[in-house]
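Asks: Pasting a structure below so you can have a look.
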């Protein structure tokens with residue numbers, strides 16, 4: 001009895017053979033369907049124009065699309081074909097910029113299939129030229145390169161070359177009309193690659209004299225075959241648009257062997273170009289019987305010839321009727337592309353904002369102030385404080401926007417994502433000032449009453465209010481730099497705000513590169529009365545009749561947040577250094593960081609004499625100081641805890 005391991009090996013071999021045969025039969029039973037096609041104007045509009053330095057070190061200046069069209073280097077002929085030529089009028093300096101030419105690249109990368117190019121004319125057999133129709137993967141040489149049509153100088157036969165990484169050997173015993181001169185496609189052969197020399201007349205002058213023809217490449221995971229058909233010998237199935245490679249006959253190149261084509265040749269973009277001299281044409285210039293102006297340097301002789309003989313390159317042009325890509329089971333409505341090749345199509349970085357309960361700041365509830373209902377589930381960041389935030393009674397918190405940050409809608413406990421081209425982190429600044437009725441639409445919010453939650457000032461002092469600013473993106477879309485998630489800051493007997501006494505948030509200013517210079521004025525002045533003084537142990541609040549903020553912007557740390565809470569409340573973090581006027585007439589310098597909630601109440605008139613109240617907590621130093629206005633009016637002081645209250649009482 002045979003060992004079980006032997007039986008398993010035999011069974012695996014039989015199974016593998018059956019699977020391979022089945023796959024081959026399935027492939028043979030399929031037909032190629034058109035997946036991509038270009039002709040005429042689509043070459044100009046749907047391909048990228050490469051205008052960088054020549055990777056092959058040629059004496060060439062590749063031009064962009066606009067210049068190529070204006071100068072006539074690319075155009076659509078009367079017959080509808082695509083013309084792509086070179087400058088054949090300018091005499092050049094051999095030590096200057098190279099001859100103008102065009103290199104176009106497909107925008108997408110493509111995988112296995114049947115590639116068909118119908119060429120009416122290709123660059124002729126001209127000294128110094130190096131035309132090519134080829135493909136290359138994103139990561140050279142690992143993803144491979146396929147040179148379908150390539151030749152230099154006076155050559156009249158095409159050279160088909162494959163390049164890839166490692167070792168990739170193909171057999172010379174495959175049936176083909178061309179001649180295999182190198183069987184190693186990988187780096188083991190240096191930069192030579194595996195090379196098949198085509199039949200005479202497959203490129204250059206003889207190709208053009210016979211009216212051009214069609215090249216077809218079949219690329220699978222096991223082989224690459226390339227056919228050349230002169231104009232008079234194009235297969236009927238190919239001409240009808242229903243290609244059947246089994247009727248194509250013997251290919252010019254049949255590259256197959258121990259090389260793993262599925263691993264060595266990945267998705268490729270197509271390239272058509274004409275360069276001059278360079279690493280190949282320049283180095284073999286002397287071997288091509290081209291004129292040697294410098295016997296010691298074939299390369300310099302090539303450059304001299306190209307620079308000083310413009311008329312020689314009148315025939316160095318491509319005229320292409322079409323390029324088509326066929327694939328199994330892929331309709332023309334589907335894309336054969338596997339990825340985008342241009343930066344303009346790259347997916348952007350996703351930016352998300354998350355509402356976190358642990359970062360929710362708590363503010364004391366004033367006894368007689370108008371407050372804004374807190375959102376039950378959603379925080380919506382407005383895209384523009386002036387244009388997009390409208391008054392609403394919905395339970396929504398509106399944050400004024402900063403230019404350059406994305407619009408983010410965040411659901412509590414979840415994410416909302418936005419695409420952009422890149423991600424940055426920003427620190428915003430904000431300026432708050434009273435505005436007239438016509439500007440009150442800049443902050444959204446409602447006039448609904450809300451019950452008090454009994455939050456005390458002591459709780460405020462102990463609450464962490466660090467709220468990280470979300471990532472922003474340079475997408476050019478307006479958005480917000482922070483989201484303030486305030487706990488239910490409510491009051492008893494909340495009043496409806498007067499239309500003439502709304503205090504709204506101004507648009508966020510541009511991001512400062514450095515903190516602003518101190519301004520020699522108090523942050524806020526106004527008139528007050530004793531009835532607005534807070535009733536809590538450590539709550540510091542007052543009624544502000546005409547609040548104003550210094551003209552300079554105040555930087556908000558990245559760990560803070562600034563928001564307009566509804567239409568009548570504003571919560572912000574401030575940091576500044578000010579000269580504070582004292583009741584005695586002297587001034588005191590004070591550096592302060594404060595978290596304040598401004599809640600305007602009903603006004604007395606439209607002249608700005610309305611009473612408004614504010615809640616303020618300060619970690620350390622004086623932020624608002626007493627200012628005298630209209631005799632008996634006073635303003636409360638922002639200090640920490642009981643010391644602040646005692647200090648206010650002493651000043652009073």
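Glycine is no exception: its Cβ is also placed from the backbone N, Cα and C atoms.
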Asks: Have a look at 509-551, 552-594, 595-637 and point to the one annotated region 'Disordered' in Swiss-Prot.
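Replies: The range carrying the region 'Disordered' annotation in Swiss-Prot is 509-551.
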Asks: Need the matching range: Swiss-Prot marks region 'Disordered' on one of 334-378, 379-423, and I'd like to know which.
Replies: 379-423
Asks: List, in sequence order, those recorded positions among 145, 150, 200 whose Cα sits within 10 Å of the Cα of residue 64 (N-linked glycosylation site).
Replies: none
Asks: Other than its own, how many Cβ atoms are within 10 Å of the Cβ belonging to residue 64 (N-linked glycosylation site)?
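Replies: Its Cβ shell of radius 10 Å holds 12 other Cβ atoms.
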Asks: Give, as a single whole number between 0 and 100, the mean pLDDT over the domain 'GH16' (36-289).
Replies: 97
Asks: Have a look around residue 150 (active site, proton donor) and count the other CB atoms within 10 A of its CB, chains all included.
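Replies: For residue 150 (active site, proton donor), the count of other Cβ atoms within 10 Å is 19.
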Asks: Whose Cβ, among the glycosylation sites 200, 208, has more other Cβ atoms within 10 Å than any of the rest?
Replies: 208
Asks: Indicate whether residue 200 (N-linked glycosylation site) is helix, strand or coil by DSSP.
Replies: strand
